[in-house]
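What follows is a single structure, written as structure tokens, with notes after it.
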Amino acid sequence: MLDCGKKAVKSQVISGRLEKFVRLDSMDSRYSQTSDTGLNRCTLNLQGPTRGGGAQGNNVSSGSFKKGFRKGSKGLWSIGRSIGLGVSRAVFPEDLKVSEKKIFDPQDKFLLLCNKLFVTSCILAVSVDPLFLYLPFVKDNEKCIGIDRKLAIIATTLRTVIDAFYLFHMALRFRTAFVAPSSRVFGRGELVIDPAQIAKRYLQQYFIIDFLSVLPLPQIVVWRFLYISKGASVLATKRALRSIILVQYIPRFIRLYPLSSELKRTAGVFAETAWAGAAYYLLLYMLASHIVGAIWYLLALERYNGCWTKVCSNSSLDCHRNFLFCGNEKMDGYAAWTTIKDSVLQLNCPVNTTDNPPFDFGIYLRALSSGIVSSKSFVSKYFFCLWWGLQNLSTLGQGLETSTYPGEVIFSIALAIAGLLLFALLIGNMQTYLQSLTIRLEEMRVKRRDSEQWMHHRMLPPELRERVRRYDQYKWLETRGVDEENLVQNLPKDLRRDIKRHLCLALVRRVPLFENMDERLLDAICERLKPCLYTESSYLVREGDPVNEMLFIIRGRLESVTTDGGRSGFFNRSLLKEGDFCGEELLTWALDPKSGSNLPSSTRTAKALTEVEAFALIADELKFVASQFRRLHSRQVQHTFRFYSQQWRTWAAIFIQAAWRRYVKKKKLEQLRKEEEEGEGSVTSIRATFLASKFAANALRKVHKNRIEAKSTIELVKYQKPSEPDFSADDTS
């Protein structure tokens with residue numbers, strides 16, 4: 001009768017258990033099926049067994065019935081798909097985006113924004129609810145307690161708007177996936193997208209709390225007072241609002257904490273900045289002051305009403321309790337009560353008498369004597385009560401002088417305990433958030449103190465101490481205590497490459513050696529560069545020391561000096577600026593495929609004339625780049641390297657000087673030979689003798705001078721030509 005095909009299920013053994021997985025129809029076409037096929041495989045078979053002699057009339061009469069039944073079966077099939085039948089119950093977060101189900105990822109940006117707005121709405125709801133406690137007030141001219149209609153309408157409207165957003169959040173919870181607890185073995189886990197399971201989980205956890213929080217009971221009470229009782233049921237309205245607001249506060253506060261925890265779990269942090277976190281806890285403290293002030297106002301009015309009720313019940317006059325509430329002017333005996341109420345209530349319940357008053361109002365006397373319970377100015381009433389709550393929460397109620405009334409004493413005890421807990425919570429969390437702003441500075445101070453103690457213990461000379469202090473100060477100003485290299489190394493490779501490219505590419509292109517290289521080679525170089533800082537008068541490298549890194553100057557000026565290994569009489573000095581580099585001996589070593597592990601020696605001494613920022617490429621990294629990228633072996637790089645290398649520039653200058661001196665010597669010898677040839681043609685003996693003596697003197701002087709120049713030329717030629725890098729590969733680009 002029921003002909004349903006089996007669903008395609010994939011089984012796999014995981015942790016010794018046979019797990020079943022069902023794919024979404026929209027994810028893989030191999031498991032998808034058309035609507036007609038689905039209807040044929042999962043519909044009621046009304047044809048029955050086929051008989052050869054079936055009558056045609058029976059087929060015609062049952063055709064309409066079968067057609068209607070198929071339509072109904074098709075409708076049931078669509079309903080089954082809409083409620084989640086035949087859809088996988090757990091998927092990964094990235095698969096949820098392509099799913100046909102309208103289910104939200106708990107870490108979706110839209111949902112995170114809604115959660116933050118919902119936390120804000122909860123705080124606003126907790127702030128709006130105390131406004132209902134300000135509705136009752138005392139009418140001095142009529143000596144009765146009434147309800148502020150204007151404030152009631154405003155509070156009801158605000159509460160309704162906030163509850164509407166609360167209802168939207170509740171509806172959103174039925175469409176929010178959750179991570180299956182069994183899938184949290186590794187990674188983020190799988191998301192459960194089955195609407196039935198999502199609804200079941202929400203109903204078992206926070207639905208009851210949310211439902212009790214969103215019940216519009218205060219709105220109903222106020223609406224009943226304004227439009228049904230016509231303002232005649234002040235006592236019932238006051239009692240109902242007091243009970244409802246205080247009772248609904250419990251689920252609202254209970255819901256606020258897990259919602260904040262859930263926001264931290266999904267977003268990673270609750271507040272993006274330290275100031276936002278500190279402001280959040282300060283706001284909660286002010287909110288507590290607002291609640292305490294509203295409760296104090298209501299209890300003060302209740303205490304005042306208690307005094308009136310006591311006078312009314314003890315009076316020999318005809319006094320009914322309802323006479324104390326406005327709206328009961330039509331009751332029997334009210335006219336007689338109006339003639340004596342002022343004198344009776346003022347005599348037995350004075351609020352301005354300090355010497356032996358007939359009724360002790362205790363901590364509520366200030367509210368009654370200030371006149372806020374009878375004021376219709378909500379702004380002055382609200383801020384006065386807010387200040388009272390903030391003052392007594394901060395002082396833990398130390399200035400309160402209570403009466404013997406038990407309710408008043410209990411309220412004072414609760415106020416002191418709440419003030420102690422909230423003040424500790426505020427100070428602790430604000431200290432935590434604000435310390436995070438200066439934690440780097442404190443770490444720097446501790447390191448500087450340890451450095452000073454160490455230098456004092458090791459008895460370092462003053463000049464070394466000053467250099468250490470200058471370096472620490474310069475490094476702090478440049479990095480603010482952040483270990484940039486370690487921070488970048490902890491990121492994924494592609495993200496690390498993009499960050500290095502953003503930070504270093506423009507600076508590396510300013511180095512002429514790398515100006516015309518391709519992008520892949522520049523990416524490889526940028527990924528391996530490390531920032532370096534040097535203070536004034538510090539040595540980057542000394543002549544004769546092994547060169548373990550090649551430095552590319554980004555900012556600052558350096559002095560590069562060479563003495564050709566300490567040879568007397570030889571000194572060469574040049575300046576390095578932004579875009580230059582030093583340690584070029586390492587490039588020759590890296591390009592040589594036969595170079596061993598011994599690092600080359602530096603031919604120059606580099607000293608910082610100002611604060612210097614540079615990028616360093618260590619020997620192993622340069623060797624790797626040179627071996628992987630043949631672009632470094634091009635002729636263009638060869639010419640650029642020779643042009644900007646200080647070692648090659650020095651050799652070229654010395655070579656040119658030696659060649660020029662050889663040329664000058666040759667010209668002088670040629671001139672001397674011509675003079676000798678001209679002198680041989682003279683026949684006068686006196687003139688010949690004179691010329692012979694002059695020639696002998698000049699010859700001696702020339703020989704002596706030539707010897708000195710030849711020796712100087714030999715000394716210049718002694719400066720060896722720098723090693724030629726292996727530029728065997730031609731530039732093919």
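Glycine is no exception: its Cβ is also placed from the backbone N, Cα and C atoms.
On a predicted model such as this, the values are computed, not experimentally measured, just so you know.
Relative to the membrane, L203 and P358 are recorded by Swiss-Prot on opposite sides.
In this structure, V625 (nucleoside 3',5'-cyclic phosphate binding site) is part of a helix by DSSP. By the Cβ criterion (under 8 Å, sequence separation of 6 or more), the transmembrane segment (208-228) is not in contact with the transmembrane segment (281-301), since fewer than 3 such pairs are found.
Cβ neighbours within 10 Å of D545 (nucleoside 3',5'-cyclic phosphate binding site), excluding its own Cβ and spanning all shown chains: 12. Here the transmembrane segment (118-138) sits against the transmembrane segment (281-301); at least 3 CB pairs are under 8 Å, leaving out pairs fewer than 6 apart in sequence. For K577 (nucleoside 3',5'-cyclic phosphate binding site), the same-chain residues lying six or more positions away in sequence with a CB closer than 8 A to its CB are I553, G556, R557, L558. Panel annotation: around the topological domain 'Extracellular' (139-151), residues 131, 225-226, 231, 234, 237-238, 301, 305, 308, 323-327, 341-342, 345, 374, 376, 378 of the same chain, lying at least six beyond its termini, place a Cβ under 8 Å from a Cβ of the stretch.
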